[in-house]
Structures are given as structure tokens and as C-alpha cells.
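Beneath this line is the structure, given in C-alpha cells, with notes to follow.
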Amino acid sequence: MDPKGTTVLDFIEEQAECSQSDSEQGSEENCSDISDLIDNAEYEQGNSAELFAQQQAFDFHKDICTTKRNLKRSLRNAFQCITSQSNTPASRSAPKRRLLDDSGYNEDISTEVVQVDENGGSEGYGSLTSQHLSGVCLNQGDNGGVDKENVDCTALLRAGSRRAAYLGVFKEKFTISFTALTRIFKNDKTCCRNWVGTVYRAREELLEASKTILQKCCDFILLLTHTCKYGFLALFLLEFKTAKSRETVQRLFEHILQVEKEDMLLEPPKLKSLPAATFWWKIQHSNNSFKWGTLPDWIARQTMISHQIADDEPFSLSVMVQWAYDHNYTEESTIAYHYAKLASEDSNAAAFLKCNNQVKHVKECAQMTRYYKTAEMTEMSMGQWIKKCIGEIEGVGDWKQICKFLKFQNVNFLSFMSALKDLLHRVPKRNCMVICGPPNTGKSMFVMSFMKALQGKVLSFVNSKSHFWLQPLRGAKVAVLDDATRATWTYFDTYLRNGLDGTPVSLDMKHRAPLQICFPPLVITTNVNVMQDPAYFYLHSRIVCFEFPNTFPLDEAGNPLLLIDELSWKSFFERLWTQLDLTDAEEDEDGEPRSPFRCCPRSVATSL
């Protein structure tokens, strides 16, 4: 202030100046009805760190309880997982242990592990399982008791220790481990024909009875008995008639031997292990063993010298061709399928399956078989061919059905026999027989049964646009063309007059030069009466025609009253063999003049 003093006006101006915040604060204080809304009192600093620690401990305890509940539900699965780790190689067990360690459960109970007595189980197989189970399963409760979870773990631990003890006894008695003779099936429902079973605590009289009872369902039984600290120890090698699962075999042993499933060790044998096969072959000659049935192939193949020599035998194509020829197989798919099925019986078929070029062998086998069959058929006379064909037809027929049918169609039987004789002997100008008539008169049934009996070939005019549609005539003794239309007869009248005569013609072959052949006996069915059509005048002298005017007779159910099939033609040729003049001059009265065809060298046994 001015030392000289302050005037009244200056004082009023100075006191009248105020800030906006002061006015707003005053208005708010005037408008509020709540007293002491804001506590501006000072407080002392409390123990906030202890409160935070309590909250963290509560959350941690809650998470631990949740984890324990989840582990309690899947306790048995955890035990199976740990057991599988102990049975698998070390390279696979490490990742599974990491999965269990990641759960956090192991760290939580690390201070509550109960030490398992090392003398309670055997070394090797059972020790790892016991250590895992002691760390995971044996957890004491807060009140000092053992809950249901721990009771289950103890039972599982005892079962694992029992299995380990049984494995130790097995190795002590047989000087070889059980796992060296068997392979592991993890699933009890996996089926197999061969099973290895070790049974403990069985009664002697039941073991003797099992030798007879098991013969009903087995092809091979090998039983070896020993005595051990658990009583009788029985080792079974069984080959069942049908594949069975572990559960089925367990129930079978429980029923026959009256033992618990915990007292059994069941696994399939190692089929490709030479030491295992040698073990089984050796114990079958021991004094306290029982054997019934034929030795399984997987043992004989690895232990017997003859089987080993057969396994080393190389593949021979000629043997395969001889097999296909004897069974009349000419198609690639049929040869490949049926020859592969012989691999378990024939050494050459087994060698065929080992080849990397099976397709090449199958094609060559089929081609060679067709070559041999065609050459054999060409060399045969018509009488020899008919005898061969009807000899392959099994059964007895009635030749009179053919005679009745010809009589029903008003066909002279002697005229038909004369025409059939000329047809089979391929007389010129009489090399083609035509059966004409309206539909549903039995033409196709009559001709097709004749073709099947003589193993003839079928021509289809639908392929006439191809140059090779007549190629089946190259390998046929008899040919049939069913339901020829006017277009077919026009084609014959234009291009195939010489073929109907029976004289040589040039036949176009696929992938080959044109071949000169004579048409085989040809039988044609048609609805066109060629003999009465002047448009085909030049064919009249080249065909022999029979007309079937009557509809084929049927009964009320629609079944034919006259049945003509391959058996009817077989009986027909046997009955009228002499009338058809089918006997060859060089054929002896003793029977077959030809020796069987062989395309591979005879074996020693066959030659002797």
C-alpha cells in the first residue's frame, strides 16, 4: 500500500475484486444438503501388503482345488498313460512326461510323495511304473486319511506290480522275456488268429481239461507247464480257427481255467521274428509240453529247411503260365487275383507277390495262355473239340428236348441233322446255317445254348463300322450272329459272300497284317426271310435256312415247357455222335490220343 495512505474509493475497489472459482465454490456449498460429504481427515498407513498376499493365496488355493477335481475324474486315464510310457521306448516317453508336468499338479504335491518300497516289485519293467504312480496318485488328505482317489491308485499300483512280478517269473523260468516273444496290442478289441497266453495260479486238472476243450476252437495248441512260487505257470500258443480279440480270449480262459484276468498275460506272437519262431519250435519237443494240430506256417517257414528253400526260390513265369493254362484263365484280372490267393500254398505265387513288376508278368502270362489255347484249338479237329467242350460240362441232359422243339417248329429232323453234319465238317456252300422266323419263337435260346456248349464266339453287327469287328473269328471253332437285320444281310451280300462259302478270305487284324483264314461254321438268327427276298438272290446258294414259325410254348407261370441248354446239347452229341460222323480216323478205341500240354519242366516228384 501507499505509505501515504489509502483513499476510501481505492479500498472499495480492492475489496470488490473476486475470482470466479470463489463464487462457484460458494454456490455449491450453499446448494448441498449433505454435511461432511468429503472426509478430509488424515489416516494412518495400514498393512496393505498382507492383504494382497491373502488375496493371492485365496486365488491360488481355488485354482488348486479346481485342478484336483479335474485330475480326480481322469485318474484312471492318467494311470494308463503313465503305464504306456513305461512300456514304450525312452524316445517316446519323454514328451508324455512333459505333458503331465505341465499340469501343475505334480509341483503341488511334490512335498507329499509317499515312497514306495523298492523290494515290492521286480526290476526293469515295474520299477518305472511304481515311481510314477507313487508321485502322482498317493496323496494324503488334509485330515490325515486316504480318499477314494488314493484307494484306486493303490489298487492300480498293486496290479502293475503283479504284472511286473509275473514278467519276472516268466523270464526266470523260460530264460527269455515275454515281450521278446510277443508284440503289443494296445486295444483289447483288436482281433488276431494267433495268441500267446501265460496263465498263473491255475489248477492242474483244469489245465489238463483245457487240452481237450480248446481243440474245438483251435487249429493248433501248444501248452507248456511249469511250477513257480505262484503255483502252476502255463504257457499257451494258440492258433484259433477264426480271429479273436483279447477280451474274447480272456473270457475263454476265465471260463475254462477259472482264473482272474489279472493272472493272465495275453499278447499276439511275433510272426516275423526268427528267435521267437525258434523258441516255439524248440519247446514243442520238450518233455512237459503238449502239442495238437499242424505247426503254424509262420513257424515252419522260419525253422524248416524246406520252407526256407522255397522262400528263396525265384519266380518262374512258365510255372504261372502252366497254372493259368490248366485252369483255363485267359483274362489278366482273373489271373492276377487267383494267383495271388495261392501265395500261402505255392512258393512260385509267393515269389510272384515279391516281384516289383507284377503287371508285366500278368500281361505276359495272359498273352502266352491265349497263344497256347489258340494253337491247341486250331490243331484239334471238330470232333476232338466237341469232345473236349462237352467233357467240361457237368451234369446230365435230355437230348429229346431238342427233337421235340424241332418237331414243334415243323422242322424235319433228318434235314436238320444233314445240315448240322455239313456245317460241322465245313462243307463249302453249306458253312452257314440261318434260323429265321417271327419274334418269340425260341431262335436265340436254341442258337445261344448251341454256342455255349461248343464254346463259340459271338459277332455283333453294331461294331461293323470298325475294320476289326470280324477279328473274333480268328480264334473260334463256331461263331454266332444273333438277330441279323436287313443292314446286316446287305453287308454280307456286298462284302462277305466268300466268307459264307467257307473259302479263304483276308481278315484285317488289329496291330497285325491282314490274315488269311476260312470262316468257322457260322449260325445266324434273323427275322428276315432271306430265301424269299429276291434282293439277296446271291446268298440263297450260300446258306441253309430253317424257319421257326411258332411262338415258343410257355406255361401259366411264364416258364418254358421245353428247356434247351448246354446239357441238352451235351446229351445230343453223345447220343448222335456216330450219325454226325465226328469220330477221327487216328483216334484209338482206348480213348484220349493226346497227352496233356506242358509248358514248364516236370518236377522230380511228377517225373517219378
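Keep in mind that glycine also has a Cβ here, set from the backbone N, Cα and C atoms.
Lifted from Swiss-Prot, the feature list:
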type	residues	note
MOD_RES	SER74	phosphoserine
REGION	145-312	region 'DNA-binding region'
DOMAIN	411-561	domain 'SF3 helicase'
BINDING	GLY437, PRO438, PRO439, ASN440, THR441, GLY442, LYS443, SER444	ATP binding site
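Annotated ATP site GLY437, PRO438, PRO439, ASN440, THR441, GLY442, LYS443, SER444; additional same-chain residues within 8 Å of its Cβ mean position, judged by their own Cβ, are THR525, ASN527, PHE548, THR551, PHE552. When Cβ neighbours within 10 Å are tallied across all protein chains shown, the highest count among the binding-site residues ASN440, THR441, SER444 belongs to THR441. In the three-state DSSP reading, PRO438 (ATP binding site) counts as coil. A sphere of 10 angstroms centred on the C-beta of LYS443 (ATP binding site) encloses 25 other C-beta atoms. Look at LYS443 (ATP binding site): DSSP puts it in a helix. Just so you know, of the binding-site residues GLY437, PRO438, PRO439, GLY442, the Cβ with the fewest other Cβ atoms around it within 10 Å is the one at PRO439. Averaged across the domain 'SF3 helicase' (411-561), the predicted model reaches a pLDDT of 91.
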